[in-house]
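Undergrad: Below you will find the structure I want to go over with you.
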Amino acid sequence: MEDLIHFSCLIFSSSWPDHFIHLFGNLVSVPSGGTTPCHYGEEVWQDGSSLRTTIRAENEVEANKLANNYRFGFRKWKSHVTERPIEDRSDIVRELYSELNFVRPQGSLITCGNIAYLILFGWWISLAYLLVCVLMFLTIIGVPYGKLCWKLSCYFLWPFGKSILKVTAMTVVDYALVLCRVSTYVWLLLGYPLLGLIHSLACFLSWILVFTIPVAKMNARTLAIILLMPPEDVHIHRLKKVDDQVLLCCYHAFNWYYYKYTLDGINVFAVNLLPLVIATLMVGYVDTENQFVSSEAKFAAAVSSIIPLSYYIGMGIASISAQSNTLSMTFYITALLRGHKAGTKCYEEIVKAALTGTLLGCILFIPGISMIIGGFKHREQRFNSRSAGVSSALLFISVGGVFAPTLFSKAYGSLVCAGCSSSQANTSGPFTCLLRCSYLLDGLFSRPLVYTISVLLPSAYLIGLIFTLKTHSHIYDIQVSDVHDHHQGGHGTVHWSRLRALSVLIMATLLMAACADLTTEHIKPILDHSSISQYFIGVTVLAMVPEIPEIFNGIQFALQNNISLSLEVGNCIAVQVCMIQIPLLILFNTFYDVGFVLLFSDLHLWASIFSVIVVNYIFMDGKSDYFQGTALVVVYLILLALYFFAPSPHAC
């Protein structure tokens, strides 16, 4: 496109201070000797002192979204929130959205995907047409449609290299019209419903597989258009340059790029997983006695349903430019409520494990896997170490604040053990304890400390926002040029309006709460009968499943040589967990006492502190490669191994 929005992040620039301009100011000019502007996500170091990131967006809305990606505290979102004109997109993307009704130069038709179509779909669709063909011939009056079914039977066995054309008959006599009208009734009563079931099934299966969406389009177009036409108007030919109207032509049944396919801005995987959410809620709240579906299956379905809901919440937040990340709060609160009702501390320990697992995953795994995959494509990636330092400093503050009561209890608490006995007669001898020991601290003595921390942590977060967005915004210094867009007048057509985005956000949050309730309801059998430590379940499944969309966001940013955003994806979530979610849990516990105590196990304490130290050491030089990413992932896996072999919490 000729007219694009350019906005640049000039970071650490000591040589070009006069080039800083305000948001929506004029485009920053590159000094002589500088590099030419690069595409979205590319970062170029100039003169060894400044990092210039040039980003291109189609319209002002996308510019605002991308600018928010670079601001601390805002959710990092990769997907577009506005519609992009199809004519301005690549040939690969245009092919994804084609209606399969045009003839183009063809390549080889003998491909693995086309052969897979023959095995998975072609033979039984062709057989169905053959059976309906026999049925139409038996009715005698439906012979025209029987001939059509024979032609379509041959077509759907191997549709590649053929086209279905609409050719209007030149002469038609009156009795033929009457015959056609009567045969149409027979067709609509006998043939069309049967083929409708066949095409609907094929359409559903191929759509669920995503990469075979061309097969779904082919079946849908046949059902909606071709089978409702007069049979004499439908002709099948080999693909060639024709003057007649092309109704259907397909070259390939399989396309890897369909992972990019969207419907109204929603990724196709999120669309396909939405029925899972509905089915999970229906089965979970109808089959309360677990007569038809086991509790373990309901737990797995409820946890899996969180993935698409996280995507919808992220899309809603990105569309209305909000800034919060409280997805997991619903699970934490419902788990604490259920544990309080059951009179057990096991749920509280699971919540703490999930909180710690989110920290570890966001600090180590998301940056690590992004560095690895991005490093395979880009030899070395650089990022703004000063802006990353803001998040790192807040990480130190937040982790120190969250675990301060735990350290306080170890310093001033009483070591209490259960099941202890002495092998000697005197009580001064050594004791053998069957159960683990823990430090207990008087609640009245520790609560003021917890309340103080729950106030200081959000305050530190607010100060971080003011620092990065107001007083020291030059750390990011995002500039956006004047908008010139021929297609949308510079603003673009958003996929979701603010009202719709807010409605989707509220609905997805409510569904998330329902899935969280089912998760906590059906996790009990998993905890009781699992041979794996409950710590491991909390730090893996419950912690990282809601963050799967964020993991993909980080990987996509890294592949576009925008490792800065990949690192900020995890850091932002980790900081918000400590500085927003945990204080909110404390506030909730203040008004409705569910027994939540901000005391973590030793494993949580040292794993989190060690992770923060490691990631800050990696981030010091402002460079990343696949080796550093491997180091972070290996540390994460080592910590997971510790949790896997650790004994379960004594409360469980």
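Glycine too: its Cβ is placed from the backbone N, Cα and C atoms.
Pulled these from TrEMBL:
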- 112-162: domain 'Inner membrane component' (DOMAIN)
- 115-143: transmembrane segment (TRANSMEM)
- 164-188: transmembrane segment (TRANSMEM)
- 194-216: transmembrane segment (TRANSMEM)
- 265-287: transmembrane segment (TRANSMEM)
- 299-322: transmembrane segment (TRANSMEM)
- 353-376: transmembrane segment (TRANSMEM)
- 388-408: transmembrane segment (TRANSMEM)
- 449-469: transmembrane segment (TRANSMEM)
- 501-520: transmembrane segment (TRANSMEM)
- 502-643: domain 'Sodium/calcium exchanger membrane region' (DOMAIN)
- 532-553: transmembrane segment (TRANSMEM)
- 565-588: transmembrane segment (TRANSMEM)
- 626-646: transmembrane segment (TRANSMEM)
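Can you walk me through where each of these features ends up in the structure?
TA: Residues of the same chain lying 6 or more positions beyond the ends of the transmembrane segment (115-143) and with a Cβ under 8 Å from any Cβ of it are 149-150, 152-154, 156-159, 179, 182-183, 186-187, 190-191, 194-195, 198-199, 202, 205-206, 212, 215, 219, 253-254.
Taking Cβ pairs closer than 8 Å, the transmembrane segment (265-287) reaches residues 79-81, 83, 207-208, 210, 213, 258-259, 293, 298, 301-302, 304-305, 307-309, 311-312, 315, 495-496, 511, 514-515, 518, 521-522 in its own chain, all 6 or more past its ends.
Sequence-distant contacts of the transmembrane segment (353-376) (same chain, at least 6 residues past either end, Cβ-Cβ under 8 Å): 328, 331-332, 395, 399, 534-535, 537-540, 542-544, 547, 550-551, 554-555, 557-559, 561, 563, 566-567, 569-571, 573-574, 577-578, 581-582, 600, 604, 607-608, 611-612, 614-615, 618, 624-633, 635-636, 639, 643, 649.
Tertiary proximity for the transmembrane segment (626-646) is limited to same-chain residues at least six positions away from its ends with a CB under 8 Å from its CB atoms, namely 353, 360-361, 364-365, 367-376, 532-533, 535-536, 539-540, 603, 607, 610-611, 614-615, 618.
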Undergrad: In terms of Cβ proximity under 8 Å, which residues at least six beyond the ends of the transmembrane segment (194-216) contact it?
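TA: Sequence-remote neighbours of the transmembrane segment (194-216) are 96, 100, 113, 116-117, 120-121, 124-125, 128-129, 131-132, 135, 149, 222-223, 227, 250, 252-256, 258-259, 261, 268-269, 272.
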